[in-house]
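A.B. asks: Mind looking over this structure? Questions follow.
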Amino acid sequence: MQRTYIKDLKNLVGKEAIIKGWVSVRRDQGKMVFMDMRDMTGIVQCVVLPDSPAIEIAKETRTEWVLAISGVINKRPEKNIKAGVQNGDIEIEIKNIEVLNKTDTPPFEISSDTKEINEDTRLKYRYLDLRNERVQKNIRMRHKVIKLIRNNLDKENFVEVETPLLTKSTPEGARDYVVPSRLYKGEFYALPQSPQQYKQLLMTGGIEKYFQIAKCLRDEDSRGDRQPEFTQLDIEMSFAEREDVMEVNEKLLISIVETLYPNKKIQEKPFPRISYKEAMEKYKTDRPDLRKDKENPDLLAFGWVIDFPFFEKVKTSTNKQTQGEWTFTHNPFSRPIPEHMDHLMKKEKLGDIITSQYDVILNGLEIGGGSIRNHQYKALQKVFEILGYEKESIETDFGHMLQAFKLGTPPHGGIAWGLDRLVMLLQDEPNIREVIAFPKTGEGKDLMMNSPSKISEKQLKELGIKIEKKK
Ligand code: ASP
């Protein structure tokens, strides 16, 4: 007999079935044993009667054992029906139990919400935490969001292109993770802080409409709800103006909410727009919470923040890879708004130049941001000059971009969403770790794999690396 998924048992009342899964809850009542069995589709109550051939094994089983169970699906007696609960009106009368794997006593209980458990323990045993109903839902809904994104963008002629993980340092504003090269000792790859340069070069390459569910890696100090690696929905479009990019994204966000989260309400459509200046004056933040009713967890207040200053004076403790007095506020590859292009080319009124940057916000968090890019090499070169780069380092660091811009790069622009953050908000979770399958701690540790960790002397030698011992 074939395995039946627990969600389909309700259609088999009076018949026999085999289910496979984990023992979620077990109650030994002396003569009889009750077990709640769980698979990826849900939970069902099972009972082993005193005369069942399975009674001996049933008494031995413990929670989280992995079992194959066969039995008859019965309607529950009227008084035992649990309304509103999955399979609340049926139970399996077990005839046979095959133990597929025994389990040590789990370090925490999985059947109730693991949110109450110490987080380090949950992260150490993340594979157990993943079995929890709420965490499962988060991971499965994340999949649905990504699938909808892929389907919708495909329909609009976007192509998903993978870009390299072993790449070169990019000036996104954070510190790079670096990977030593064995073949070229003393040289390093950098892991991408975002696919920014590659996606722009895909526009030079005539792809025109690109997207990617992209891993981004930034070596930032642990601050708030951050992860050393996180996922972006990354988009770039050729021959696009600000309105075009905003329209594609707004449509996609609305479709995600209305298709997958019909119980949630979008406060205002089209999304309201607010300038950076107005946001700072009115809300003292550039990602204001626009909700009219903050008590309502199902209210989604999307909005766009636009008209950010392009440059700001360098503050003392900045990671940004700039070398002069000025730094960029968002993205060095952005183009100013058309009216301010002249200031950039003349390198004047730097503090007044407004960039084409647009950020999309949701309930007080920034969930994405992008811009129209400087696609003409002279304009991009001006930005790097303003940022204080010497001619030579512009050439070594960005020569490939400038070169490409001399070889037929179309006007283009794009955006990237913080996908973890969006799913977190949609799933009503308090942090992004809840919606990532294998997150690291706030301090950047993977407690399950135990990383970062030391590597062998042999590996170090092959890489030509010596570790300085602390005195
Ligand atoms: N690469 C940018 C970021 O990661 C987003 C963009 O401008 O497309 O913030």
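Yeah, the Cβs are placed from backbone N, Cα and C, and that goes for glycine too.
OK, TrEMBL features for this one:
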type	residues	note
DOMAIN	139-439	domain 'Aminoacyl-transfer RNA synthetases class-II family profile'
BINDING	GLU172, ARG218, HIS330, ARG373	L-aspartate binding site
REGION	196-199	region 'Aspartate'
BINDING	ARG218, ASP219, GLU220, GLN227, GLU366, GLY418, LEU419, ASP420, ARG421	ATP binding site
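Help me picture where these features are in the structure shown.
C.D. replies: The number of other CB atoms found within 10 A of the CB of ARG218 (L-aspartate binding site), across every protein chain shown, is 20. According to DSSP, ARG218 (L-aspartate binding site) sits in a coil region rather than a helix or strand.
Remote same-chain partners of the region 'Aspartate' (196-199), defined as residues 6 or more beyond its termini with a Cβ less than 8 Å from a stretch Cβ, comprise 163-164, 167, 170, 172, 210, 212, 234-236, 331, 333, 400-401, 414.
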A.B. asks: In whole Å, note down how far the CA of HIS330 (L-aspartate binding site) lies from the CA of GLU366 (ATP binding site).
C.D. replies: 13
A.B. asks: Report the DSSP secondary-structure composition of the region 'Aspartate' (196-199) as helix, strand and coil residue counts.
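C.D. replies: DSSP composition of the region 'Aspartate' (196-199): 4 helix, 0 strand, 0 coil.
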A.B. asks: Give me the count of other Cβ atoms within 10 A of the Cβ belonging to GLU220 (ATP binding site).
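C.D. replies: GLU220 (ATP binding site): 14 neighbouring Cβ atoms within 10 Å.
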A.B. asks: Given a separation of at least six residues and a C-beta threshold under 8 Å, show me what packs close to LEU419 (ATP binding site) in the same chain.
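C.D. replies: LEU419 (ATP binding site) has long-range Cβ partners ARG142, VAL145, ILE146, ILE213, PHE230, THR231, GLN232, LEU233.
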A.B. asks: Just to be sure I understand the packing, how many Cβ atoms besides its own are within 10 Å of the Cβ of GLU366 (ATP binding site)?
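C.D. replies: So the number of other Cβ atoms within 10 Å of GLU366 (ATP binding site) is 16.
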A.B. asks: If you count the other Cβ atoms within 10 Å of each Cβ, which of the binding-site residues HIS330, ARG373, ARG421 comes out on top?
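C.D. replies: Buried the deepest by this measure is ARG373.
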